[in-house]
Structure formats: C-alpha cells, structure tokens
Amino acid sequence: MLSAVKSTVSVQRLEGIHTQQSQIRDIDARHVANDDDLLAEIGYKAELKRTFSTFQIFGIAYSIMGLLPSIASTAGIGLTAGASGLVWSWFVAGFFILLIGIGMSELSSAIPTSGGLYYWTHYYAPEKYRIPVSFVIGLSNTMALCSGLCSINYGFAQEVTAAVFINSDNTFEITQPRLYGIFAACTVSHILITSLSSKHISYLQSTSIVCNTGLIVLYFIALPVGTAKNSSFNGGKFIFGNLGNFESWTTGWQFMLSMMTCVWTIGSFDSCVHMSEEAKNASRGVPAGIIGSIFVCWVVGWFICICTAACMSSDVGAVLDTETGFAMAQIVYDSLGKRWAVAMMSLMAFCQWLMGASILAALSRQVWAFARDDGLPFCSFVKVVNKKLRVPIRAVWFGGILALIIGCLTFAGSTAASALFSLAVSGNYLAWGTPIFLRLTSGKSRFRPGPFYLGKISEAVNWVVCLWIVFIIILCMFPTGTTVDETTMNYTVVISCGTWLLSILYFYVYKYKNYHGPASNLADPAEEAVESVDNSYEVTEKV
C-alpha cells in the first residue's frame, strides 16, 4: 500500500514537472532588428547596460585565459611528458578546443543570452527531460566557474609565495594557511572591484589585454636574453623530439595527461556568452570574442611553450621537484637570476589577479541569469540588479563567497588543491558539450542559425567536438600516477560526479517546485496594455 502511494506521488511529481515547464519560444536571430528585440524574442527584458564592444568581449575571455600566468600555474602538468610533451600536447589540444569554440559560437550567434548553456540545453533537449537536464547544466556551469575562480586565485597565491620564497633566499616557509590567506584576500578584492559599473568592468578588460600582452612580449625578450647570458639553449630534439615521462603511466598516456596544461589554460571562453546581455551586436560580437580569444591563445601559447622549452634547464626532473613548488618560478630563476625572477613572478601574479576579476564578472552574470530563472538557492535575493549601476552586485557576492567556501578544499593538501583545476574543466566541458550534442540530435529541427554558421560542415565539426569533450571529461579525472592512495587520488571524479548527482537529487526533492526552465520576465501583453491605459489616464488627469 505504502509503495503504491509513493509510486503515485512520484508519477504526479513527474507530471507536474512536465506540465509546468516554460514555453519554448520561436527564435530567429537573422530576422531581428537589434539586440534588445532579439533578447525579447528569447524571452527576457533588457536589465543590464550594453557597454561591451566586440574587442572587450574578446578581452574578457583573453583576460581569463591569461596566457602566461595560466601556463605558469600549470606548466608542471605539461612537463610531466617532457619539454616536447608540453609543446606538442598544447598544439594538439588547442586545435580541438578551437572546434569547441566554433560549436559554441554557432549556438551563441543563434541565441545570445547570459544564461547561454542551460538555456540552449532546455531549448534543444527532448520535452520529457528538458527541465532537469537544463537544471543540472546550469548548476554544473556555475560550480565550474566558481572552481575556475578558485584555481586562478590559488595560482595567484602560489606565484606570490614563490616570488617571496626566491627573494628570501629559500628561507620563507610556504604553508597551506598562508596560501589560503593570500587566496582569500585576492578573492575579496575581486568581489569589491567587480561590484563596479559595467563601464568600469569593460575598461578593466582593455587594461587586462594590454597587461597580459605586454607581459608575454617581456617574457619573449627577457627569457632568451637571460638564458644566453647565464646558461645555454636546448636543441631542437629536446624541444620537438623525444617525449619524456616523469610519472608512472605509459609515455603515450602521460602525453595525453599533459594536455591538461592547454585544456585548463584555454578555458572559460563561455564567459563571452555570459556577457551577451551587455554586448553590442551580440549575435556577431560574442562569436568573434570566443573564436578570436581561443585562436590567439592557441597560437601565442604554443610559442610560449616553445620559448620555455628552449630556455629551461635540460634537467626536467629538477624543475618539477623545485623547492618553490612552482615549476615556472624555477625556470625563470635559472635563466634570469634572483632579481629578475622576483620581478617576473610579481608581474605574472598581477596579471593573474586581473584574470580573477574577469572570471568573477562572468561568473556573476551566470549566477544572476540562473537565479533569474529560479535555478539557485536564495534566487529571489540573488537575481536583484542594482538599478543605479545596472550590475548584479548580489550575484557577484554570491559567486565570490561560494568560491571562498570551495577554496577550503586546499586545506586537504596539494592533491586536493589540484582538483580545483580539473573540477573547473569537468564541469565546464559537460556544460559546453550537452547543448552541442542536443542541437545535433533531439533539437536538430529547432536549430535556426544566427549570423555565424559553418553551413554544410557544421554538423561534422560538432560531432568531433562531442567526442573530444567526452575524452577530456574522462582524462581530467585520472590520477597523476598508477599508484593511488589518499595523497595521490584525483578528487575531481568524486567532486564532479557528486555535484551532478546531488543536483539531480536536489531538483527532484525540492527545486522542481520552483525551477521550470528559463522563464520569461517580459510583461504579459494584456498587462502591458492595461498599464499603458492607466499611465495615459494619469497623464490626462494631471493635465
């Protein structure tokens, strides 16, 4: 009897979810006059100020990728396959990441909205699974961006402590509380700076482009000059030839794992999507920002890897086992000496700080959009936009505080801390791949391309993207070596899968009552007509 009652309740719950789902709108980006009209067709009123040019949209992704600081943070992963492993794994992974960007650009050109990934998932998914799947994707994307902020700011803390360690002649003790303290201070500063107006945040992206590009140019000049003066260059075979292996996996698989340097660095380009409702000419500007940032970072990053391989010590093992805990710090120190190494690491840390500010801006827009559709806890509080600045300040604080909480994972040790890097990858790749896959399958008849579209080869490119995304999700969950214990375990598989399973459970236990998919916040036409009449009456009365 009890089981029958439970079964009836479950059926009623599923039927309730199905009957209350949001309306699927008819969207065609090619036949809309302007950005706000297209946004209205998508189902939302314009609440944020459109201040971001195409260059600044490119800038927010370019800033988050922060080439040199990001490569510095993850060079130790790439070098586990040797210097040539770092060089070639970057080149191979970068090509496939560019294809992901193309697939995402087609979706963003067709439906440019800050909710992006979970909105597209809801739009193209089968009717029966539309709401729960879009909820999981929205939560996964939010958690991944929070983890991305954590990993960027933790990298900042490592760069700062490495610079202090070198400057102290190896007497400074790098401890986990000190690292977290710097991480927390960095995150709080980002919360404060990102609460400014969209105009100021857009200027910050321009500043970040200049600073990151200037740092790369300095690196290309200073490192070879220092190497020529204090050491000697490595030969072509060391740079492009035989792969190395400094872990217990086979050489081939270690090469695959070394791709994570590129995968983590050229990531979070969905930030362009989350800024869609602040972008001018979003259907063209957002795709240009996505593809442009990926392509520039792929090519320039490859040359950074080549320069690094040419100038580093030929004893890769010693570089990986450096007392600074930071492989790039040792490479710079070997080539430039103490004073220049401290200066270079300080500049990298500053650019890393700019990266964190940019990703929090993108994260807050994803949080705001998901809260606007009642997808997050405390959504009625979080989705409020500051009317004066036209910035979702509460979403900024929500994302920043969540990052501070997730960052406590670093106290579990360096292995758990490294999971922050992989967690950002797994969560984002699931969120990127799901709408692309659904667009090819259940949503094929619903897809109407925007101004950016590959045409006949689009489908083939996107199927390759789906296969690559599945491969990377599996790859980022592998431990560093074949012997696994509590210190070498890759906790990404636990955290990522746990997040996905708990989000499904949370939805069916509670959130199904509130989240019905992307919900239009446009006024009903009848209500608008009544409001218009009332306003006219008030004006007449005053006259």
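Just so you know, glycine gets a Cβ as well, placed from its N, Cα and C.
Taken straight from TrEMBL:
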- 57-81: transmembrane segment (TRANSMEM)
- 87-120: transmembrane segment (TRANSMEM)
- 132-157: transmembrane segment (TRANSMEM)
- 177-197: transmembrane segment (TRANSMEM)
- 209-228: transmembrane segment (TRANSMEM)
- 248-269: transmembrane segment (TRANSMEM)
- 290-320: transmembrane segment (TRANSMEM)
- 340-363: transmembrane segment (TRANSMEM)
- 395-413: transmembrane segment (TRANSMEM)
- 419-440: transmembrane segment (TRANSMEM)
- 460-482: transmembrane segment (TRANSMEM)
- 488-509: transmembrane segment (TRANSMEM)
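Here the transmembrane segment (488-509) does not touch the transmembrane segment (57-81). Their Cβ atoms form fewer than 3 pairs under 8 Å, with each pair 6 or more residues apart.
Beyond its flanks by at least six residues, the transmembrane segment (87-120) meets 27, 29, 35, 38-39, 42, 44, 48, 78, 81, 134-135, 137-138, 141, 239-240, 243, 255-256, 258-259, 261-263, 266-267, 269-270, 272-277, 279, 282-284, 286-287, 290-291, 293-295, 297-298, 301-302, 305-306, 309, 365-366, 368-370, 372-373, 375, 431-432, 434-436, 438-439, 447-454, 458, 461-462, 464-465, 468-469, 518 of its own chain at Cβ-Cβ distances under 8 Å. Each of 57-81, 132-157, 209-228, 460-482 was scored by its Cβ pairs under 8 Å to the transmembrane segment (177-197), and the highest score goes to 132-157. Below 8 A, the CB atoms of the transmembrane segment (57-81) and the transmembrane segment (395-413) form no more than two pairs separated by six or more positions in the chain, fewer than 3 in all.
Contact between the transmembrane segment (340-363) and the transmembrane segment (132-157) is supported: at least 3 Cβ pairs lie under 8 Å, counting only residues 6 or more apart in sequence. Beyond the transmembrane segment (419-440), the same-chain residues lying 6 or more positions past its ends with a Cβ under 8 Å from any Cβ of the stretch are 73-74, 100, 103-104, 107, 117-118, 120-121, 123-125, 133, 137, 140-141, 143-145, 147-148, 150-151, 154, 260, 263-264, 267-268, 270, 406-407, 409-410, 447, 459, 462-463, 465-466, 469-470, 472-473, 476-477, 490-492, 495-496, 499-500. Across the candidate stretches 209-228, 248-269, 290-320, 395-413, the maximum count of CB pairs under 8 A to the transmembrane segment (132-157) is reached by 395-413.
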